[in-house]
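**Student:** Per Swiss-Prot, the feature topological domain 'Cytoplasmic' maps to 2-13. As annotated by Swiss-Prot, transmembrane segment applies to 14-34, with the evidence given as sequence analysis. The topological domain 'Extracellular' feature in Swiss-Prot is assigned to 35-992; the stated evidence is a curator's inference. Taken from Swiss-Prot, the feature region 'Disordered' applies to 47-92. According to Swiss-Prot, the feature N-linked glycosylation site maps to Asn133, Asn262, Asn289, Asn347, Asn361, Asn555, Asn602, Asn609, Asn655, Asn811, Asn850, Asn889 (among others), an assignment based on sequence analysis. According to Swiss-Prot, the substrate binding site annotation covers Glu241, Ser380, Ala381, Met382, Glu383, Asn384. As annotated by Swiss-Prot, active site, proton acceptor applies to Glu417, with the evidence given as sequence analysis. Feature annotation from Swiss-Prot assigns site 'Transition state stabilizer' to Tyr505.
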Amino acid sequence: MGPPSSSGFYVSRAVALLLAALAAALLLALAVLAALYGRCARVQPSDLHHSGVPDAASSPRGTQEEPLPTWPPRPTREPAGTATPGHWRPPGPWDQLRLPPWLVPLHYELELWPRLRPNEFQSPTLSFTGRVNITVRCAAATARLLLHSLFLDCESAEVRGPLSSGPRDGALGRVPVDDVWFAFDMQYMVLELGATLQPGSRYELQLSFSGLVYRDLREGLFFSIYTDQGERRALLASQMEPTFARSVFPCFDEPALKATFNITIIHHPSYGALSNMPKLGQSEKRDVNGSVWTVTTFSTTPHMPTYLVALAICDYDHVSRTERGQEIRIWARKDAIANGNAAFALNITGPIFSFLEDLFNISYPLPKTDIIALPTFDNSAMENWGLLIFDESLLLMQPNDQVTDKKAVISFILSHEIGHQWFGNLVTMNWWNDIWLKEGFASYFEFGVINYFNPKFRRNEVFFSNILHHVLSEDHALVSRAVSLKVENFTETSEINELFDLFTYNKGASLARMLSSFLNENVFISALKSYLKTFSYSNAEQDDLWRHFQMVVDNQSKILLPAPVKSIMDRWTHQSGFPVITLNVSTGAMKQEPFYLGKVQNQTLLTHNDTWIVPILWIKNGITQSLVWLDKSSEIFPEMQVSDSDHDWVILNLNMTGYYRVNYDKVGWKKLKQQLEKDPKAIPVIHRLQMIDDAFSLSKNNYVEIETALDLTKYLAEEDEIIVWYAVLVNLVTKDLVFDVNNYDMYPLLKKYLLKRLISIWNMYSTVIRENVAALQDDYLALVALEKLFETACWLGLEDCLQLSRELFKNWTNHPENEIPYPIKSVVLCYGVAFGSDEEWDFLLNMYSNKTKEEERIQLTYAMSCSKDPWILHRYLEYAVTAAPFTFNETNIMEVVAESEVGRYIVKDFLINNWQAVSERYGTQSLVNLMYIIGRTISTDLQITELQQFFGNMLEEHQKLTVRAKLQTIKNKNLENKKRNARMTAWLRKNT
């Protein structure tokens, strides 16, 4: 042993060796981390040679191999499997939502082989294999290819080319594929090449793949089980929109990347196959077990985006007809076809096609149209070119559908999907941020189509009930989104799915309608013809549409606009919300301001550009006036001043074609109230609707006093239009009011006030129900509004309503073939249970067990919650938790029961001992929803604390953090409702 050092520190040999080993290990670890840095999660193709991921530079691969990491598990349909936060990869184009512009797809040769066999569909999944050859044109030199792929296993990948320019497109060579890996979070397949693709050259990507088909998932490929002719059967279908094609085959899954498709489907011989185009031929092939399969090939499609690729494999029958040389077939269950359920849809489909062909002066380009009715289809309907897919409840007429709105619903949806053959299929938006260009216009033309075939159809009133009322109730600045969004605002694929909402469809349709109203229909259609012709088989952006409108406007002199079409319409599509237009009839002063919930006063919350260029169509004393424009925050229009005469009044927003609310000064509202009481018919129905809807919405949000809205209801004894009554009742007798009304003296006053006015319209329709209910089948507005009228009359205790409910319910329970009239069935079932015993409740339970349609089962689910017997409701909750006989996918029974006055206390008591079972059955989010429902009556901080303590053990930590804020919001809303209800009660005392 040597002497110690006089300075520093001493390290023994053993420690030195240990430190050296640790240092070496650290260096090795750093080297491995450096090598692995940037690696994305990969799925190893079975027959591909793999080596490490190169740097991000777009250059050919070297020959040096690197050690491979452990392969991660293959993706599943579980959300957690699609993200790769734990896997490293270098930054690159796979981090972007949009594909890089390196390749342009020209043509797909697609073969799909789902292993669907008769009587072999007990599993929740089945497998499929496929091959796709994609001809692409190289637009930028690259040694790396990106295309979309999700939940697919790549079996092989080759790149051939460049292709010769001859007629046979022969390959001049092959480009080595060194590696294939997947960026799961952005849903990309990445091919690393051994050579660089050259700009201007064409190549063919040859990919083999496999995946799973899920039962009832309704995304990509899915299969469904149904009953037909007494037997359980299966079918397979597709839903590619918006981004599910990539889960069926690797592809360039963006709407602007259109291509032609040759599709081949391999299927069991007992099934038939459908796709976008007519069948070209059939052959046979054997699988490895020697089983024979049918190979069906289809003709080449026009240029179209991947989201329109469609297929179905089924054992269905069909009915057909020919319209202008085009074959139209409707496919459905054999029972449904034999019973004639598809006849109505078949009879109107051809004429709708012909009408739109003539309107746009562009022929439908496909030789056939197949429409298939699936037993269930969550998307309602899909417009795939040549193969439209529907939920059968929205396409097929049942014998008991005569006194329903089913004919109108089928007509609306068929018109919408057929409208897409031009808006969306022929001309496609460049990207999903402008999805309203297809959905908004398809929704708008629903009404034009139906109005053409039924001139008595009340287009304005129906547009209000179906479109405008709903979207104006939900749209407001600060919270709602704009119709057209910036592409750069999107970062995740899931955000695309969120665009299929009220603003895309309803607001888009409303803006199209407003545009048509201030241009006139001829100019509107001329511009659309030009737009559709120019961009046929191509893509367009919103600015392209405005450009064609401007061209048509510039070529005429009758219509003068205060600004270019783009300047006018961009305000409406790029800004969220809508304006409130206020007119002072004494001075003619008009102003606009954004509509905010609760009329936000904090100006710092407002956007810098919070005005619109507003078209004002208006009437004075019943006479239509010239269009004026409000293109600034305020302006004076002397022509809108009114005199002191009782006969002088003004209404803005003719036919409710403008997308805004209208307010008046006190004199203006008083003039309209006086006119309603003197001669309501002098004001058109659509404007009686408008005044009621605007006044109540404005009062709810503090723009006018509630008394102003209530004053407009005094005349209602003279109102015989049920759609106006509908507007009154949905605004006045709200769910919150019904839920809380027993806490106030309002109910007896409201009962007396409304029944005095409602009795006339009630007598009219109750007589029809008793004596000639079939007369309602062509009265769409009555079918829409009757349920609310009936529900309110019974809630107010109108004895004739209660008696009619008892009669209809008893007649049905004694003879189930005597159907309760559909428009009021939910109300009759509810009151039948409410005034019945366990015998009536058990009857509904038995009916529920024998029903197969989800719509009918949900209706019965709600009705059974109407019982007023605590023990029955408690038993109902036990059934709900044990799931027998209730299926998991249906309505959350706990929440339904909690909605009733009796039920909310039963649910609260039930949760004390059963919250774990409720959480397992419905999820912890349901507990949050239940807390909000039960909390509808809270009005103090102490009640909030008590409710939080009650639910404290049931909620997850992250939910507890947000719950108190939500309960505080509910409390504030309840306090506002109390103030509002107190003022309503005071007004009713004076006017009853």
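Each position is counted from 1, following the chain as shown.
Cβ atoms here come from the backbone N, Cα and C positions, even for glycine.
Set these features in their place in the structure for me.
**Tutor:** Across the topological domain 'Cytoplasmic' (2-13), mean pLDDT in this model comes to 36.
Listed in sequence order, Tyr108, Glu109, Glu204, Leu205, Gln206, Leu207 are the same-chain residues six or more apart from Asn133 (N-linked glycosylation site) with CB atoms under 8 A from its CB.
Sequence-distant neighbours of Ala381 (substrate binding site) (same chain, 6+ residues apart, CB-CB distance under 8 A): Leu388, Ile389, Phe390, Asp391, Leu394, Leu395, Ile413, His416, Glu417. A strand conformation is recorded for Ala381 (substrate binding site) in the three-state DSSP classification.
Asn262 (N-linked glycosylation site) carries a strand DSSP state (E or B).
Classification of Asn289 (N-linked glycosylation site) by DSSP places it in coil, neither helical nor stranded. All chains included, 5 other C-beta atoms sit within 10 angstroms of the C-beta of Asn289 (N-linked glycosylation site).
Here the Cβ of Asn347 (N-linked glycosylation site) has 11 other Cβ atoms within 10 Å, regardless of which shown protein chain they belong to.
Long-range Cβ neighbours of Asn361 (N-linked glycosylation site) (same chain, at least 6 residues apart, Cβ-Cβ under 8 Å): Lys529, Lys533.
A helical conformation is recorded for Glu417 (active site, proton acceptor) in the three-state DSSP classification.
Under DSSP, Tyr505 (site 'Transition state stabilizer') is assigned to a helix (H, G or I) in the three-state scheme. Tyr505 (site 'Transition state stabilizer') has a Cβ environment of 21 other Cβ atoms inside 10 Å.
With a 10 A radius on its CB, Asn555 (N-linked glycosylation site) counts 10 other CB atoms from all the protein chains. A coil conformation is recorded for Asn555 (N-linked glycosylation site) in the three-state DSSP classification, outside any helix or strand.
There are 19 other CB atoms within 10 A of the CB of Asn655 (N-linked glycosylation site), with all protein chains counted.
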**Student:** Helix, strand or coil by DSSP: which one applies to Glu241 (substrate binding site)?
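**Tutor:** Where Glu241 (substrate binding site) sits, the three-state DSSP reduction gives coil.
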**Student:** For the substrate site (Glu241, Ser380, Ala381, Met382, Glu383, Asn384), what does the 8 A shell look like? I mean other same-chain residues with CB within 8 A of the CB centroid.
**Tutor:** Gln239, Asn379, Leu388, Ile389, Phe390, Glu417, His420
**Student:** About how far apart, in whole Å, are the alpha carbons (Cα) of Asn347 (N-linked glycosylation site) and Glu383 (substrate binding site)?
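**Tutor:** If we compare the Cα positions of Asn347 (N-linked glycosylation site) and Glu383 (substrate binding site), the gap is 18 Å.
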**Student:** Within 10 angstroms of the C-beta of Asn811 (N-linked glycosylation site), what count of other C-beta atoms is obtained when all protein chains are considered?
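**Tutor:** Neighbour count, Cβ to Cβ under the 10 Å cut-off: 14.
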**Student:** Which one is it: of the binding-site residues Glu241, Met382, Glu383, whose Cα lies the shortest distance from the Cα of Asn555 (N-linked glycosylation site)?
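**Tutor:** Checking each of Glu241, Met382, Glu383 against Asn555 (N-linked glycosylation site), the shortest Cα distance is to Glu383.
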**Student:** Looking only at Cβ atoms, how many others are within 10 Å of the one on Asn850 (N-linked glycosylation site)?
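**Tutor:** Excluding its own Cβ, the number within 10 Å is 9.
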**Student:** Tyr505 (site 'Transition state stabilizer') to Ser380 (substrate binding site): how many Å between their Cα atoms?
**Tutor:** 14
**Student:** Could you measure between Asn811 (N-linked glycosylation site) and Asn850 (N-linked glycosylation site) for me? Cα positions, answer in whole angstrom.
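**Tutor:** Between the alpha carbons of Asn811 (N-linked glycosylation site) and Asn850 (N-linked glycosylation site) there are 19 Å.
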**Student:** Near Glu383 (substrate binding site), which residues of its chain come within a Cβ-Cβ distance under 8 Å, counting only those 6 or more away in sequence?
**Tutor:** Leu308, His416, Glu417, Ile418, His420, Gln421, Gly424, Asn425, Ala442
**Student:** Give me the CA-CA distance between Asn384 (substrate binding site) and Asn850 (N-linked glycosylation site), in Å, as a whole number.
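**Tutor:** The separation of the Cα atoms works out to 34 Å.
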